[in-house]
Amino acid sequence: MPSPTREDTAAGSRRADDGGVESRDRETRGDGRDLVCALEMELTNRSLSNKMDCVSCDDLLNRNCANSAEVSVPLSPMGKRATHMEGDDLCRLIDRKFLIEDKKRLCALALGTALVGILLMIIHAEICPYVYEPGSKVSLVINCSISLSTGCLLILIIAFHYKDIRLFIIDHKEVDWRIAITSHRVLVVTLELLVCVIHPVGSYWEVDLYANSSSAAPLCISSHHDKALLDMELLLSMLMFLRLYLVHRAILLHSKVLLSASYRSIGSLNNINFTFRFVLKVLMNKHPARTLLVFILLFWLTASWTLTLCERRTEALATSRMDTALWLIAITFLTVGYGDVAPKTSCGKGVCLFTGVMGVACTAMLVAIVTEKLALNKGEKHVHFFMMDSQISKRIRHAAANVLRECWLLHRANLAKGRRDEHRRHQRCLLEAIRVFRHLRLKQRKLRDYVSEMVDLPKMQMIMCDLSANWNNSYRELEQRILFMEQKLDELTRCFQQTSELLSEVLRHRNPEIR
């Protein structure tokens, strides 16, 4: 074997050094990977602890609504463990869900408390003349219950707006709560508190009960007190019905439109605000008759009782009874107005005026609903107009046959040279047949024009799509034919070239002198 040279020895030593360096690099990279894995595990443990702290801070464990195992190990879309920011987003989503549930619960409780207060006010106005005694405990209990329900209602309203502010803070990624306190929000909260704080606070004084037991129940206000006190008590009782504004909030928060994720996602793409107006439109489109009927009945009952309350301090016994007031409200709402019963007080006249305005609006909506229910849909319209067109076509054929018959009869009468009366009769019949024929042709033309106007936009779009598809197919076929013709022309050109070459070779063989 040849002995290794100095160059071979140096190359081997360099390879050994390189191998040692590469092994050290591998060990260093292995240590680096271990360090990175250790750091990732540490960050993961910290993120898990932060998530668990977030869940415990928001009382999720106390609510028994979230499982710590489900929240503590979320996965990102790439299959890695979630970061601390993703854990915060998850906590915000969970907090937002619970805040919406709290708002729904508080709104339902506020509406129930408002209805209880209105019911106690009605009981107070109805039974106080019959259970009246100086220092009666019944009146004191009713007044205290109304005041207590009013206080609870104010607390619920404040709690509702507190939850609303917290929801605003979560939606805007933990901004300062003072940003949510805008002038509009302060005005709305102030107006709601002013509306909900209204309730009758009058005491019971000595009254002279009416001797006639068949008379209507008077208000529980003494006759020797100032008239302004009586008007104030009446006004406060009527203004308690303003608490019914909570109905629209309860309908909005408990509607399936707001709770449906598909509604919210599609609405956000189309910039739709889910307000009570939108929910009311949805209800009127889905259940128009039911919604309008419930509103009309509740309005009649409320307006009738308010009218009886207004008319009790007068000597008019008719309008102070519930049945007569309900009759007056019904005929005023329907804009009939027989005139047999009329309000006597300014308050009663105002109630009747408001009832008439609401009646006009509801009657217009009722007419629109009935018209929509009685209208034919597209399929029914097409069937109906097709049958009408076929019937008119049949009548046109009969009218044309009548014209031909009358022409033949008139011609025969002219050839017979008979009486002129018969000739004039056939002329009149011919003119009448021509008039009927023209009238039917005009009617058919109008019907077809109306049917052509009924073609809806989706149908026209489908027709245009079909036409464009046919045009595209024709264009492709034309392109294919043109390409085929080009190929044939190329083949013919090559054939002509080959033929010319063969002819030139043949001529050269026969006449060698030709070049």
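Every residue, even glycine, has its Cβ placed from backbone N, Cα and C.
Of the candidate ranges 48-75, 300-327, 468-495, TrEMBL annotates residues 468-495 with the feature coiled coil. The transmembrane segment (183-205) and the transmembrane segment (106-132) are in contact, since at least 3 Cβ pairs between them lie under 8 Å (pairs 6 or more apart in sequence).
Below 8 angstroms of C-beta separation, residues 107, 110-111, 114, 117-118, 121, 125, 153, 192, 195-196, 198-202, 219, 221, 302, 306, 309-310, 313, 347 of the same chain, each at least six residues beyond the ends of the transmembrane segment (228-246), sit close to that stretch. Secondary structure by DSSP for the domain 'Calmodulin-binding' (389-463): 69 helix, 0 strand, 6 coil.
Long-range contacts of the transmembrane segment (292-310) within the same chain: residues 122, 125, 216, 234, 237-238, 241, 284, 319-322, 325-326, 328-330, 333, 343, 345, 347-348, 351-352, 354-355, 358, 362, 365-366, 369, each at least 6 residues beyond the stretch ends and with a Cβ under 8 Å from a Cβ of the stretch. Against the transmembrane segment (138-162), the recorded stretches 106-132, 322-339, 351-371 differ in Cβ pairs under 8 Å, and the greatest number is found for 106-132.
For the domain 'Calmodulin-binding' (389-463), the mean pLDDT of the prediction comes to 84. Outside the transmembrane segment (106-132) by six or more residues, the chain places 138-139, 142-143, 145-146, 149-150, 152-153, 156-157, 159-160, 163, 196, 199-200, 204, 207, 209, 217-220, 237, 240-241, 243-244, 246-247, 249-250, 253-254, 305, 309 with a CB less than 8 A from a CB of the stretch.
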